[in-house]
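First comes the structure, then the notes that go with it.
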Amino acid sequence: MEKWSLMTITVLLALTVRWAVSLGSYSGAGKPPMYGDYEAQRHWQEITYNLPLRQWYFNTSDNNLLYWGLDYPPLTAYHSLVCAFIARLINPDWVALHTSRGYESQPHKLFMRTTVFVADLLVYIPAVILYCSSLKETSAKKKASTCALCILLYPGLILIDHGHFQYPLSLGFALWGVLCLSHDWDLLGSVAFCLALNYKQMELYHSLPFFCYLLGKCFKKGLKGKGLVLLTKLAGTVVFSFAACWLPFGTDVEQIMQVLRRLFPIDRGLDRDKVANIWCSLSVLIKIKNIVSPQTQLKLSFAVTFLSLLPACIKLTVQPSLRGFKFALVSCALSFFLFSFQVHEKSILLVAVPVCLIINEIPFMATWFLLLSTFSMLPLLLKDGLLLPYAMTMPAFLAVCLASFSILDKTSAEDLQLKAFTLALRGYVSWFKSFPRIVRSGFFLSLSLMGVLSLLSAAVPPPQSLPDLFPVSVSIVSCLHFLLFLVYFNVVILWDSKNSKSQKKTS
């Protein structure tokens, strides 16, 4: 009883913070002609309600794809249609064809914010609570609730979902997938992840760890016996789940091809503005998109992304474990963010949410990463008028993590899951003796740099000759951090594998 009372308080606190953030402005408010992501979500409701399904993804006189055309998979469209039916019952003007563009009113804002709250309450928050309650490491009542509190107070997701405006459904479904796999409900986990992937195509960031973990389990059971049966069931589940999601579009091949063209717009080029990945950072020195064609850019990004995530995927397939699966989710998603094609600032959330899942295992590094991931979106947050929520939620999150996990005391090589790695190198590198002090110093230096750049970005006008000085600085600093984190997570994954094998031999 006490456990659930603590969880109730945790959820209420998380909802209060979300509501406070949602009271402000939203993406693109009062800024015609495109307005922003809030208007995109509203416009999809307008389109899906008023037009036949065959026109949802096609450019027509009633559906100008240049004005927030649908570019997410079918489940997003179906969700928009459900919201549109409810909106139509309350006020038909909210989804009226053509005339509702840029609609802004307090009642409609309340309605839209409520739809995000409902998505949070029905999908994302329950997954977080059940995940934290099921962790063996957090069997104590207080630890389970504090772990859930840290995850639910992660600033990045709150600011984007309830400030910038988007729905947490794809990440929520992915969390349900992780939760199901942790209980060996492999088929249910596959269904949950298929729902995530059919809600947002960016869930491809997590697809390889899911695939490799389940394939590894099949290999482990033996592909001539139980493993083959499991593999057949998994394949059938995935095919059935995709077929169910795409069934309304399945009668016409051109429909399917048009949806796929909308989901993967190759012609837009390799990088987007001010994203903290390698391509945007390199563009300061060399404009890759001006040198090679979009097709070559796609091949280049695919090759680099594939090579960077290959070690973690091989390890997970050969030695499947839940712990390895969660770390691989982080490593592979970070590889996608840093090196893949057409990355958005918000895509860092696809890395951050898996990091939340291991905050109980590496609280210091997880807290550092989660703070950094929010900071990396600073140019977007400032553009949306979210400076005050950003300035309030970042210190609050750090304070909660300090109080919950005493993160500054968790900087030893063992606490950072680097014991085997440091033992292997201790004879060659003398400074490993002062490793915890070096890590803490790096953390404080990083926090100071984030604080200074945040203040400069918010309060100091950039030089006229360098109007993008601060956004570019934020992107480059964040990218350098992310590269170091990628190395760190891969070291943890690979050395854990070697250490496990050596322990098995010893035993």
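Any Cβ shown, glycine's included, is placed from N, Cα and C.
Caution: TrEMBL annotation is automatic and unverified by curators.
Some features that TrEMBL has for this protein:
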SIGNAL    1-22  signal peptide
TRANSMEM  110-132  transmembrane segment
TRANSMEM  144-161  transmembrane segment
TRANSMEM  173-197  transmembrane segment
TRANSMEM  227-249  transmembrane segment
TRANSMEM  324-341  transmembrane segment
TRANSMEM  348-375  transmembrane segment
TRANSMEM  387-408  transmembrane segment
TRANSMEM  442-460  transmembrane segment
TRANSMEM  472-495  transmembrane segment
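Away from its own ends, the transmembrane segment (110-132) comes close to residues 7, 10-11, 14-15, 18-19, 22, 38, 41-42, 83, 86-87, 90, 94, 138, 144-145, 147-148, 151-152, 161-162, 165-169, 171-173, 175-176, 178-179, 182, 356-357 of its chain (Cβ-Cβ under 8 Å, at least six residues beyond either end). When each of the listed stretches 173-197, 348-375, 442-460 is scored by C-beta pairs under 8 angstroms to the transmembrane segment (324-341), 348-375 comes out highest. Among residues of the same chain six or more beyond the transmembrane segment (348-375), those with a C-beta under 8 A of the stretch's C-beta atoms are 128, 131, 135, 137-138, 143, 147, 150-151, 154-157, 159-160, 171, 174-175, 178, 202-203, 205-206, 276, 323, 326-327, 329-330, 333-334, 336-337, 390, 393-394, 397-398, 401, 404-408, 410-411, 415-417, 439, 443, 446-447, 450, 453-454, 474, 478, 481-482, 485, 488, 492. Residues 73, 75, 123-124, 127-128, 130-131, 134, 203-204, 206-207, 210, 213-214, 217, 230, 233-234, 237-238, 241-242, 245, 322, 325-326, 329, 353, 357 of the same chain lie 6 or more positions beyond the ends of the transmembrane segment (173-197) yet place their CB under 8 Å from a CB of it.
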